[in-house]
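S.K.: Not my notes, these are from TrEMBL:
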- 421-435: compositional bias 'Pro residues' (COMPBIAS)
- 403-435: region 'Disordered' (REGION)
- 24-43: transmembrane segment (TRANSMEM)
- 50-74: transmembrane segment (TRANSMEM)
- 94-112: transmembrane segment (TRANSMEM)
- 124-147: transmembrane segment (TRANSMEM)
- 159-180: transmembrane segment (TRANSMEM)
- 192-211: transmembrane segment (TRANSMEM)
- 270-290: transmembrane segment (TRANSMEM)
- 302-321: transmembrane segment (TRANSMEM)
- 333-351: transmembrane segment (TRANSMEM)
Amino acid sequence: MKDSAPPRHRAPDDSPLANIGPNWFASVMGTGIVANAAIALPYQFPGQRVAATVVWLLASAWLTTVTICFAAHWLRHRDRARKHHTNPVMAQFYGAPPMAFLTIGAGALNFAPPYIGVDAAYTVALGLWFLGTATGLLTAVAIPYLMFTKHEVAADAPFAGWLMPVVPPMVSAATGAALIPHIAAGQPRETMLLACYAMFGISLLATMVILPQVWSKLVHHGVGAAAAVPTLWICLGPLGQSVTAAGNLGKVAPLALGAPVSTALDSFGLIYGVPVLGFALLWIAIASAVTIRTVRNGMPFALTWWSFTFPVGTCVTGAAGLATRTELPGLEVLTMAMYGLLLSAWLLVGVRTARGIVTGKLLAAPPAPPAPPAAGPQPVPTAVGRAAIPRVGDGESLLPIPGLTPVFRMSAPPQQTESWSPPPPLPRRPTPSQR
């Protein structure tokens, strides 16, 4: 007699690979920047390079692990993986994989030569740079295209995560500078330099478009859900990375271009870097105040906490470049202080992430979205510590994301409670022939 019981299938949500999204690559970025920033510091201590090498090896191994898990996620949970780019929040984090490749590739030139040789290290760095640059340019085009044509976002949807898909070209510009001395002199080297400056412009101008929207959202709608507050630190990414890129490219410009252009580009690194670093310090102060306030009210751990690492690391490398150029003690102390902040954040977030993986909390499926409230005046509790704003007929539909609290809503159209008639048309101005 045959067994008529249906075959047992493992629920997709029970698999550790079911909820691996592109936002996991942020942990690779945050770990790699700890190593890369360590060797750029103005003060070097015994054993510092060895420790940085260990961290880079850890980041490289973690990149391999996350990449394999993400590929397995696409193979075994393809339907869910295809929904990542249709989600207005998760889609932004497709900028994380390119930056993870670029971060590890930059470390290859710094740490790998003593073990595999300069040529092999350069090959690895160049390969990861091309991979990160190609995928980064793709996200810089594809994600804004989806936002313009496919995604449904509300007026209060802008958040700092919108910067994620447009920052990779800036990382390519900053890390590509180290490859220029290894490229053949002449047109190849000049082409590489100008390509890096072009990518510098891509990210810079995109940031200038997005950052005011983030500021406006914070002013008019509050900081949002507590778990999304760490994303405020993402704004430091394009700021610090642009300072790093301007300094690095200006330093190698004389290898590809003659004077006076190379001299101007070298000076641009200082002229641009100091004011932008100043604004980054302002943002650090604001983000710190908001974060401390949110922690006091309760800020649950999520993968968004990795926003405390890589963006701060870009400010460290940017400040380190300025400190090396100017030899000002104030900039040197500032660089060391910011690296202390980076290291503390990385240790905290790394331990919490490891604990979440071991316990399975970070790999578990997110809770189901709440049912829409009934029609009528409903409070919208999106602002931390801000009074709820009553809205009429505003049905809030939150889409849960593993490791990330959504910060957008799709609102139902307001219900009309009274009849409405259009206003009378305005009188038309007479034409010259009628006067």
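Including glycine, each Cβ sits where the backbone N, Cα and C put it.
On a predicted model such as this, the values are computed, not experimentally measured, just so you know.
Could you place these features in context, so I can see how deep they sit and what lies close by?
M.R.: Nonlocal intrachain contacts for the transmembrane segment (24-43), taken as residues 6+ away from its ends with a CB within less than 8 angstroms of a stretch CB, comprise 49, 51-53, 55-56, 58-59, 62-63, 66, 69-70, 93, 96-97, 99-100, 103-104, 106-107, 110-111, 303, 306-310, 313-314, 316-317, 320-321, 323-324, 331-332, 335-336, 339, 342-343, 346, 349-350, 353, 403.
Under 8 Å from some Cβ of the transmembrane segment (50-74) lie the Cβ atoms of residues 17-18, 20-22, 24-25, 27-28, 31-32, 34-36, 38-39, 80-81, 97, 100-101, 103-104, 107, 110-111, all in the same chain and six or more residues away from its ends.
Remote same-chain residues near the transmembrane segment (124-147) are listed as 85-86, 88, 91-92, 94-95, 97-102, 104-106, 108-109, 112, 116, 153, 162, 165-166, 168-169, 171-172, 175-176, 178-179, 182, 199, 202-203, 206 (criterion: CB distance under 8 Å, separation of at least six residues from the stretch ends).
Panel annotation: around the transmembrane segment (159-180), residues 89, 91-96, 98-99, 102-103, 105-106, 109, 122, 125-126, 129, 132-133, 135-137, 139-140, 142-144, 147, 189, 192-193, 195-197, 199-200, 202-204, 206-207, 210-211, 213-214, 217, 224, 228, 231-235, 237-238, 241-242, 244-245, 248-249, 251-252, 255-256, 307, 317, 407-408 of the same chain, lying at least six beyond its termini, place a Cβ under 8 Å from a Cβ of the stretch.
Same-chain residues lying 6+ beyond the ends of the transmembrane segment (270-290) with a Cβ under 8 Å from its Cβ atoms: 223, 229, 232-233, 235-236, 239-240, 242-243, 246-247, 250, 312, 315, 318-319, 321-322, 325-326.
Within the chain, the transmembrane segment (302-321) has long-range Cβ neighbours (under 8 A, six or more residues past its boundaries) at 23-24, 26-27, 29-31, 33-34, 36-37, 40-42, 99, 103, 160, 174, 227-237, 239-244, 247-248, 251, 269, 273, 276-277, 280, 284, 331, 334-335, 338-339, 341-342, 345-346, 348-349, 352-353, 362, 402-405.
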